[in-house]
Structures are given as structure tokens and as C-alpha cells.
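One structure is given below, encoded as C-alpha cells.
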């Protein structure tokens, strides 16, 4: 009986000698075997939970997302009613939260790319709406709407967006002097002055009636200047990102490493989640922008406002909501290098890339899109660039500079409110 028990229990206190000399077993897992169903279901559950968390953060968490239903409502009113004012108004409200979320997603992506590339990405995605609106308007032969909306984006970014960022950052950090990379700001100012030169000469050539070939020289000069401006902007990108990368090192990069812990806490999206949301939000903003453009003329008649005022003032305020929100956000966090990259960098990209690109696209379409923005608009742009260049030449920011830029924008807005766009026959 005892021997039977010993055979059935080999791990007893007195094992036989043969059990000691037996060959030890090596534990080997075959990687070719499929995972258990419980493991695969766990992975699916975790990915679904991550996706739902991402949707909650981007589309539900922020209070401004309460305005999201106005976008589909504007599309519904476009097809089932003839009230262009309501379509215009609801489309504006629907674009505002999308543009703000666009800035948030870009901020999340900036954690992975750094300040310089982050500011460039924010300017690019912020201007994607303007580019799509411009191409859409070019197909409809609305050349003046293209010119005025792009001009309004430049004015809004340089005066209103930058002014609000300087003012808010100066109020929050009133006990310190906020600094930014002066060298990078000077390069942006130089590019903006070059853009003013490219826009100024066709207008002067037209209004002085000094064309060699009447009605053709302005268009030829505009197309040539646009190609030069595109080449200059491509060179600027290479200079900024590759050749002189250290030249654009942010001033606050070596200050206070304790801020890194705050950034890690605020990092809520992965790199690919941020990229995917940027693409989705850009497409949806572009869709609503198309309905917005269609309702401009009807809203102008109903509101008794000129199309110039709507194109230069009202449209860019909503179209630049992404830059507006993110620029203020970074200024409050004392990251003025990203603020400059968003506000001034966006204006540089519109003036040196988007406008010349629209001229070239119009050339390919057979549309006579030129750089003759009329004397009133060109003079406004020239003075604006000079004011902003003087504000940034010291490399410092405070709330008074921001207040001055905001007041300058109010003067510009009042000027366009009383401005009537000249007819082509009266030119």
C-alpha cells in the first residue's frame, strides 16, 4: 500500500533516487501558435477603449463642442431653405469649435515635433481651409473673394491673433518680460515685406496706366512674381528646417526643465491619433467652408453689408479660430516662439505660398487671377506689415503691445466697413 502511494506521489518528502537523476524539462513556448482568444479579445477591447477615449477628448470634453451641431444644421438649411443669412451664421458657429479643436490637435502633435515644426504644422493646417475655399471660389470666378479673404487672413493673423496672444500672455505673466526668438521674427518680417513688394508692383503698374501691353502686363508680372515667391518660400522652409535648424532654437527651451512634467501631464493623444484628427477636422472644416462661401452674397444683401467687409473681416475671424485659440494658449503657457510661428508664420505662409499658389492654379484653370489687390487693400497690408515688424524687432512682448495691435485691427475693420469695392469697369 505504501509503495502504491509512493508511485502516485512522486513529489513526496522521500522521493526515489531515479527522480533526482531524471533529465530536467526546459520550458519552451512555440511562437507560431496563435494567441488565446482571451488575449485577442483583450487587445480588441483595449483598442476600442483607446478609440472611445480619443473621441471623448476631441469631440466631447471641451465646452465649445456644444456648437458642433450647428454645422450639420447649416447644411440642412442650405438644401431646404433659402435663408442665406441663417446658413452663413450657423456655418460660422459650426466652424468655430472645429477650428479650436484643430488647434488642440496641433498642440498635441507639437509635443512630438518640437516648437519650430509644431508652429509650421499649425500654420499649415490652419491655412488648409483658406486654400480649399480659394480653389472653390476660383472655379466659380469669384476672384475678388479669393483676394479679399486671403488678405483678411493675413490682417487677422498679424493684428488680431498676435495682438490677443500678446495681450493675454502679458496679463497672465505681468510680473515678467516674455521673450521670443528675435532672429526668427526678423526673417518672417523680411518675407512679409517681400510679399508686399510682390503685391504692390502689379497694383501700381495698373493704376499708373504704365503697362507695356494694356491688360496683359499685370497678369504676366503677377504670374512671374508668384513663381519667384514660391521659390523663396521653399528656400525658407529648407533654411528653417534643415540648413539653419539651430538658428530657430526657442528662447525658453533651456529654461526650467520642471515644465516638462506639465507637458507630459497635458499629453493626451498619441502621435498618430493627433495626425488622424488633424486630417478629419480639416476635411470637415473645408466642407462647411464651402457652404459658407455659397451664402456670402445672400448674407451680404440681407445684412446690408459689403462683400468686402464680410470677406476681409468676418470670414477670417472664424477661419483663423484655430490659430487664434492655439496662439493664445501658447502665450499663456509662456511659449511665445510657437505663438509667433502660429500667428506670423501663418501670415507668411498665406502671403508667400497660398496667394502665389492660387495665382498658379488660376493660371492652370485659365482664370485671370493676379496680384493686383487694388490700392486700398495693398496700402492696408503694407502698413500692417510695418507695424508688426516694429513690434517684434526687440524680441519681447507685453500686454501693451498686444493692445496696440488689437486697436490697429479695429481701425482696419472700421475702414473696410465703410469701403466699397470698386467695380472692374471703373478701374
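Every residue, even glycine, has its Cβ placed from backbone N, Cα and C.
Feature annotation (TrEMBL): of 85-104, 245-264, the stretch labelled transmembrane segment is 85-104. Only residues 6 or more beyond the boundaries of the transmembrane segment (85-104), in the same chain, are considered here, and those with a CB under 8 A from a CB of the stretch are 58-59, 62, 64-74, 77-78, 122, 125-126, 129, 277-278, 281-282, 284-285, 288-289, 291-292, 294-296, 298-299, 302-303, 314, 318-326, 329. Helix, strand and coil counts under DSSP for the domain 'Sodium/calcium exchanger membrane region' (274-416) come to 120 helix, 2 strand, 21 coil.
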